[in-house]
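Take a look at the structure set out below.
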Amino acid sequence: MSNATYETDTDPDTDGPAAVESRVGWRYTISQVKRDPTAVAGLVIVAFMTTVANIAFVDDVLFGFLGQYAFFANRGIEQFVLAETFWVNPEVDPGTNQILRPPVFMTNELYPEQPGTMAHPLGTDHRGRDVLVRLFYGTRIAITVGIVSTGIALVVGTVVGAVAGYYGGWVDDALMRASETLYAIPFLVLVIAFMTAFGRDLTFAMVGVGIATIPSFARLIRSRVLSVREEDYVEAARSAGVRDRNVIFRHVVPNSFAPVLVQATLQVGVNILIIAGLSFLGYGAQPPTASWGQMLNNSKEYMLPNPWFSIWPGIAILVTVVGFNLIGDGLRDALDPRINN
Amino acid sequence: MTDEPLLKVENLQTQFFTEEGTVRAVDGISFEVNEGEIVGLVGESGAGKSVATSSIMRLVETPGQIVGGTVTYKGTKIVDIEEGPDGQPRPSEEMLTDEEMREQIRGNEIAIIFQDPMEALNPVFKVGAQLREFIELNRDVGSAEAREIAVDMLREVGIPEPVKRYDSYPHQFSGGMRQRVLIAMALACEPSLIIADEPTTALDVTVEGQIIDLVHDLEAKYDTSFVWVTHDLGVVAEICDRVNVMYLGEIIESADVDDLFHDTKHPYTEALLQSIPRPDQTVEELEPIVGVMPEAINPPSGCRFHTRCPDARTVCREFHPTEQDVSEAVTATHRVACVKYESIGYEDARPLETEATDDFGSGLIDASGEDA
């Protein structure tokens, strides 16, 4: 593009929009991410996990819900109908199966002479349930908790931080001091206290972790809003009579959002890890629902006879968290204009 | 009500309460804008021009505060500060609330064109979307109609292919084109008054000329009044009907544009004029004004310009001049705030040049003192 200083009405020095490489917008960001092989690896992992989680959601939650109605139940729709058709029910003790089987081609202390078979490719757990199918259905929990808890923190944190940064003064002081108070309480203690007060199930785990991570988002967006609110286009919007609410959420926040988006992607991975940890401690998805943290918890008693039982959920958590972190790193690079070449 | 001016600013005072002290950024300015008039607000950097305009729009932010004065627009008091029972300034009951201000005045009655076209468009919005947002907000139209108006306005300000450019982002426009978009934004809501805050300063001269031509055309077409804030007397000569010269938060001379250039009264205005090349006068060398403007946080005593004034005498240091009407013609008012035009002994007082250099011995003044 030439930066000609002469221009006339009929010959502007810019071409049509198509000729200019846009440096904003989703399409550009995605094209930048695509050039980064590690980010693509992250995308592939997360896409795979999300697909698995969606199938698990349909089979578990949606069919479970529809199965309550005779109309659907009569047509064979019930919870885990897919799992039972293609594999086995992840939540019911089969009773007949051998427990703590090793994975296919492997042996363990309990079965030194009997390698695992394709019937249970990753072996069985302490109740004889198939580990692979439980991992598969545990994905739903992991992805849901990661995204929902981050979503809560993202939405509330953005509102709090943007309002605090935009108005400044006592509003800022009140909101930021409140969020620092939240920050001062050790994270796990806060979440466990919250769940002890309200209930031990997964919903409160997500809400609790979400609330506990609000301050990091609030601070991040506030720091951006402080500089963005001084921009002329914000003043222009104000001078045109735009409401404060719209100035904040239409003009200020979209221009402050890039670092928050990166933070959110990274936070999803962190939250999956935290909630797996909570499940391990017994705060989270309650049996018989399959979740990775709970599988780890169950497996700790059988570490010596069948170490595989511990390894698989560990690998699942690792891969998912790494996937989200890779995307986060890729996004950070794509959204940082200084790194763009 | 034809005699009533469109905008009447009386004794407007805006102060910034900082840790170092109170900055009297705008200190009691008064001026009027009549319908269809372009009024210039001229001064060096830091004279308080921009604070004055944001005070009129009530967009001054903490630690800034409007502490006194009245701004009347079409008979409505948009700023009216009175002294409360506790001695603190407070808004009078007649003053519009923030809500009324936003709904009735900003955008649809008074609009602003900002200085830097590169910064005044939101980078995440398409220019058409921004234009449409402002139109929908200030004119009672639906979104499809607002889009049509937006495209029309883009065409009006000379953007080629407005339908196509409607969907462009600001970074796809050049500086001059963006300034046109900003003008379109200001005009789109059909305000009666546009405050142009140094709208051509960030542009190069060729584009500046085009923009000024455009403003002239649009002014004639829409009969909009302008407050034109600038430090460029060349632009003032070209565009303004009346001029107010500001120095350190005060208006020190106010005259019709011809009077200001050809019958200059105030030494500061004189000095300003001598520091720029003029097509109607040939000089060997331009004379810059010595020194820099003092801080508004601690303005000089007496006449605020006396520290840099070539005509300063001892009396200037003690006596703060008030505005005097020095107009010779009945039709035009020419007001000036200078001790020279007040009968308090300027003639008998001793010149102040050397003392001024001692009192405010900044490097700049010293250096220029050696030159002299």
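Each residue, glycine too, has its Cβ placed from N, Cα and C.
Feature list (source: TrEMBL):
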- A:139-328: domain 'ABC transmembrane type-1' (DOMAIN)
- A:37-57: transmembrane segment (TRANSMEM)
- A:141-169: transmembrane segment (TRANSMEM)
- A:181-198: transmembrane segment (TRANSMEM)
- A:204-221: transmembrane segment (TRANSMEM)
- A:260-285: transmembrane segment (TRANSMEM)
- A:309-328: transmembrane segment (TRANSMEM)
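Highest Cβ contact count with the transmembrane segment (A:309-328) among the listed stretches A:141-169, A:204-221, A:260-285 falls to A:260-285 (criterion: pairs under 8 Å).
The stretch in closest packing with the transmembrane segment (A:260-285), judged by the count of Cβ pairs under 8 Å and taken from A:37-57, A:141-169, A:181-198, A:204-221, is A:141-169.
Among the recorded stretches A:37-57, A:181-198, A:204-221, the one sharing the largest number of Cβ pairs closer than 8 Å with the transmembrane segment (A:141-169) is A:204-221.
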